[in-house]
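Trainee: Starting off with a structure, shown below.
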Amino acid sequence: DTVTSPDITAIVAVIGAVVLGLTSLTIIILFGFVWHQRWKSRKPASTGQIVLVKEDKELAQLRGMAETVGLANACYAVSTLPSQAEIESLPAFPRDKLNLHKLLGSGAFGEVYEGTALDILADGSGESRVAVKTLKRGATDQEKSEFLKEAHLMSKFDHPHILKLLGVCLLNEPQYLILELMEGGDLLSYLRGARKQKFQSPLLTLTDLLDICLDICKGCVYLEKMRFIHRDLAARNCLVSEKQYGSCSRVVKIGDFGLARDIYKNDYYRKRGEGLLPVRWMAPESLIDGVFTNHSDVWAFGVLVWETLTLGQQPYPGLSNIEVLHHVRSGGRLESPNNCPDDIRDLMTRCWAQDPHNRPTFFYIQHKLQEIRHSPLCFSYFLGDKESVAPLRIQTAFFQPL
């Protein structure tokens, strides 16, 4: 049968209508998708989503003043990235209840600001002064991952001598970690600030220095129980609650989780094929084999005690980082500070045993420090007659290696 002209016209009309309909439907679907994406971007992000927005106006203003702030006030680095569920379990805090006031410290990657947070401690608690950590503009994906690791890590800790994470703002960029504010800054700067001229009364007594060591040791006991290896115990990575040296309410906490590595660059050494290493605080097995354990943390704590007694001297004075590496590998050790009590010197020496298993536990160290702290010897150094106190008053004599 032949197809007539009207039949062909009808077929063409049907095909044209189908094509036109499909084209219109495609356009409608594309328009709907674009509209939905734009609408979705305007919505507040749901829990756990990370949405890039324009830079926080408040942060931008403070960053404009960053050049006037030095690095001396640095305060505030787990191997796997936290899961989405772990990120969502972090203590989220509304950005509109957080105000940033001034820059406290800045390194190559991170910044720490002082701010206030409304009702962050509890509903109705009012404004609390806080420290706020954020990444610098242009942070890499790796740095952002480390930032999330830090938040997840800190959220696990709950101890009077571990810096507390109060909340996070992760829904938008820039992301923030909200931490308790430690007004005394980092311990290294605090110790160095206590140095006085000859024949002037010390701002920190031996009892004060032992109390500082005890605070840190208590935090280490907790980390040991949590099976957490710090890897970078040092005075620069601890924080002090009070600026005043005579304050009875002073508390020292383990508080680094990153920025100090930016600030005190000279305390680190970049070994070929590895990241920055705090060689002056590292045990032989860490330097030789890259092994880090609670035993290597004990070694580092011994160095931290030495730092405390010398009011913040750099360990192994006069040696370069590479010289320190060879010195420790070959069995060399720090010399005892002048006039250091025998019990404290012996405890430091035990922390630096060549065999890691011969080093004491943090629980034992805490017990021993408490024993020394309350001993008649320590009391005589603190309150004794002029002859026993005189060496402590001449700090340039007492706080120097032999």
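Including glycine, each Cβ sits where the backbone N, Cα and C put it.
Okay, these came from Swiss-Prot:
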- Asp232: active site, proton acceptor (ACT_SITE)
- Leu104, Gly105, Ser106, Gly107, Ala108, Phe109, Gly110, Glu111, Val112, Lys133: ATP binding site (BINDING)
- 98-377: domain 'Protein kinase' (DOMAIN)
- Tyr268: phosphotyrosine (MOD_RES)
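Looking at the shown structure, can you explain where the listed features end up?
Mentor: If you draw a 10 Å sphere around the CB of Asp232 (active site, proton acceptor), it holds 24 other CB atoms from the protein chains shown.
According to DSSP, Gly110 (ATP binding site) is assigned to a strand segment.
Looking only at the domain 'Protein kinase' (98-377), the predicted model's pLDDT averages out at 89.
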Trainee: Quick one: pull the CA-CA distance for Leu104 (ATP binding site) versus Asp232 (active site, proton acceptor), whole Å only.
Mentor: 22
Trainee: In whole Å, note down how far the CA of Asp232 (active site, proton acceptor) lies from the CA of Gly110 (ATP binding site).
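Mentor: That separation, Cα to Cα, works out to 18 Å.
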Trainee: Given Val112 (ATP binding site) and Asp232 (active site, proton acceptor), what distance in Å do their CA atoms have, once rounded to a whole number?
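Mentor: About 20 Å separates the two Cα atoms.
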